[in-house]
Amino acid sequence: MAAERTGSQDSMIEMDAQNNMTEKPAAYDPNSDFEAATIVPDPSERGTTSGKDSPAVNDEAVQDPNIVDFDGPEDMDNPMNWPMKKRWQNIAVISVLTIITPLGSSMFAPGIPRILAEFEESSSTVATFILSVYILGFAFGPLLVAPLSEIYGRSVMYNTGNVFFFIFTICTALSNGIPMMMAFRFLMGVAGSVPITLGSGSISDMMPVEFRGRAMAVWAIGPLLGPCIGPVAGGYLIRAAGWRWVYWLIAIVTGLIAVFTFFTLRESYAPVILERRAARLRKETGNPLLRSKLADNTTTPAEKLKTALVRPMYFLFRVPIVTLLSLYVAVTYGVLYLLFTTFSLVFGQNMLGSSYGFGEGEVGLVFIPSAIGMALGIVIFGAMSDKLVTQKISSGEKHKPEIRLTPFLTIPAGVTLPIGLFLYGWTTHYGVHWIVPMIGVVIFCFGLMGIMMACQNYLLDVYPQNAASVTAALAVLRSLAGALLPLGAIDMYIALGLGWGNSLLGFISLGLIPIPLLFFLFGERIRGVKKVPTATEA
């Protein structure tokens, strides 16, 4: 306990810190963010770091007996000191959560014709928006979820999100009209955005840089595979029991997982952990001066909340790296959901000039190639990204985030996007056997995973202390594109046809390929241009 340190203990701490510094490899950089043991506040705001691998010893923390800090590498309250098994268990729980909430976005897609018939609606725009309004919730939810998690912690947000997602899912199942369904699907999206927003932040809380690619791959299974595998089961469930049972099933599974999560998921955000420790020690010792090493005592709670709320939008609109990479991810993600919303029309109802004539169950199976492509991308790009980082560190070089954007990863991934779209578009246009356009979907989704993994891992390495806010910035643009692009899909395909319509999307994807190359070459220079806002700047 920092409050009980004596002068002799202080000298021992200083000696330990010096010993730890001498054990670092030659590439060790005392100013690097990537050696920090935990996600800590921006040095420009706090001036301190924390954890067993913290690069600098804060003089105030050593000299001031009222500073509460982690007690070295043996302190199991520090998430970076957890056994690796425990870290992976927490990531597995978060990954399960991120599978459940995206299921709600598309699991009922094969039943849209039934819903329109039941509520006597014939508008194609309404049919599309029923699906995409959920993704609109994913756009607005992170703006609230991310800042609150940086004030109150990750675990409370996960558990709160589970409860509200459960309630809104039941309300959707009981909908008596399309307006009611849309309203509660939007709220489902807001509540369901919690694990999608906080997953990368939780990974940064627990995992060193050389393991983040694999951890991100495990976590990414949920938000990317969930929308793909949901319609597979949803198609047959809707045909057997009706579309409402899709929501009842999601509610049942959510309730069970919410109980499990409440008892198993540990808090991983270092500033919140230390603040709770300081509060407990103030109560036990009666010393009101005890305070967390990571606490910001220069601003009021209102200013802290204001800064946290502003930060995601600041990243999105005023930090070029986040803006351009978010744009790339948003376009690819929007195209993915555009394809999702038209699968039932292309392969089922034959509304867009195709001639496949699949039933509700078979239309659900059309989503399987998306899952295959994403699974391949997750495994290959996640493993290769971490391998590159490990090789750099092992060779004694300093880790730079730009390694995540290595051209032999991002350029092939970028090229596969238009290839997949061209193949899918022209084969459906001419009614080629369904297996061929599905191969195009596999290729597109494989490239999509390469781009998303590279961009998100890069931003996570650049801004590890603000991982939740950066993820929220990504989610805003990505989800807006996923919600709004599909609204014009039917009109676009009617005007251009499936061939030229998908070719247009392919040409747009082709034009975005140089963006990761730009930051690979100049990212180290560009990322120093904008700083994270402080409370006074916000």
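Numbering starts at 1 and runs along the chain as displayed.
Every residue gets a Cβ built from N, Cα and C, even glycine.
Copied over from TrEMBL, here are the features:
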type     : residues : note
COMPBIAS : 1-22     : compositional bias 'Polar residues'
DOMAIN   : 90-526   : domain 'Major facilitator superfamily (MFS) profile'
REGION   : 1-60     : region 'Disordered'
TRANSMEM : 91-112   : transmembrane segment
TRANSMEM : 124-145  : transmembrane segment
TRANSMEM : 157-178  : transmembrane segment
TRANSMEM : 184-204  : transmembrane segment
TRANSMEM : 216-239  : transmembrane segment
TRANSMEM : 245-265  : transmembrane segment
TRANSMEM : 315-343  : transmembrane segment
TRANSMEM : 363-384  : transmembrane segment
TRANSMEM : 405-426  : transmembrane segment
TRANSMEM : 432-455  : transmembrane segment
TRANSMEM : 467-494  : transmembrane segment
TRANSMEM : 500-522  : transmembrane segment
Taken over the domain 'Major facilitator superfamily (MFS) profile' (90-526), the model's mean pLDDT: 84
Contact between the transmembrane segment (91-112) and the transmembrane segment (216-239) (3 or more Cβ pairs under 8 Å, separation 6+): yes
Other parts of the chain folded back onto the transmembrane segment (216-239), taken as Cβ under 8 Å at six or more residues beyond its ends: 88, 91-92, 94-111, 114, 195-196, 199-200, 203, 245-246, 249, 337, 340, 343, 359-368, 370-371, 374-375, 378-379, 381-383, 445, 449, 452-453, 456-457, 460
Positions on the same chain near the transmembrane segment (157-178), where near means CB under 8 A and six or more residues out: 94, 97, 100-101, 104, 115, 119, 121, 126, 130, 145, 148-149, 184-185, 187-188, 190-195, 198, 244, 247-248, 250-251, 254-255, 257-258, 261-262, 265
Segment-segment contact (the transmembrane segment (315-343); the transmembrane segment (245-265)) at 3 or more Cβ pairs under 8 Å: no
Non-local residues, at least 6 beyond the ends, that sit with Cβ under 8 Å of the transmembrane segment (245-265): 89-90, 93-94, 96-97, 100, 103-104, 107-108, 111, 155, 158-159, 162-163, 165-166, 169-170, 172-173, 234, 237-238
Beyond the flanks of the transmembrane segment (124-145) by 6 or more, those residues with Cβ under 8 Å of it: 104-106, 109, 112, 115-116, 157, 161, 178, 181-182, 185-194, 196-198, 309, 312-313, 337, 340-341, 351, 468, 471-472, 475-480, 482-484, 486-487, 489-490
